[in-house]
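J.: Straight out of TrEMBL:
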- 55-119: domain 'Nitrite/Sulfite reductase ferredoxin-like' (DOMAIN)
- 136-197: domain 'Nitrite/sulphite reductase 4Fe-4S' (DOMAIN)
Amino acid sequence: MAFISSGYNPDKPMENRISDIGPRKYDEFYPPVIAKNKGKWLYHEIIKPGVLVHVAESGDEVYTVRVGGARLMSVSLIREICEIADKHCDGHLRFTTRNNIEFMVDSKDKVEPLIKDLESRKFDAGSMKFPVGGTGAGVTNIIHTQGWIHCHTPATDASGPVKATMDVLFDDFKDHRLPAQLRVSLACCLNMCGAVH
């Protein structure tokens, strides 16, 4: 009868319900400009590789700066991503299904300072932490399955081959010189966890 002492009412099971099961509702995390114009977008354009603008019926605009991310990230890198979002985007960002990170701002004036900040951040060895790109007629971010980091049945690893492949294709991630968008995926076995197709 512990549920009675906690205030649970079996006649109204959802009343005052507190649960830690599952994530909070997605629309609680929208940037204000997206919440205001949900379902009322007229069009979008790719301004340059990695930068999009969506224009609403109201005339509001939201600018998205897309950067390549990784499937596996350290806590310190995620904290740095959140710091960037706090500094430039009022704390708002999103992750795409291809492991990109999208920073959204409500003014064109905020785009270039955001890009400069992103491009100035490098790993100790000198490679870019947050390369801007992956849109339009270029290479999208490569997605892959778990590989040896987590799975016990893969035929090959994922992280190493994906890094080596993206090193070769990196210039096309940051440019629009291909005839169409190119998507590259790697599945370590036939199970294709993460549906990388």
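Any Cβ shown, glycine's included, is placed from N, Cα and C.
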J.: Determine the mean pLDDT over the domain 'Nitrite/sulphite reductase 4Fe-4S' (136-197), rounding to the nearest whole number.
T.: 87
J.: Please spell out the DSSP helix, strand and coil residue counts for the domain 'Nitrite/sulphite reductase 4Fe-4S' (136-197).
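T.: Result for the domain 'Nitrite/sulphite reductase 4Fe-4S' (136-197), in helix, strand, coil order: 18 helix, 6 strand, 38 coil.
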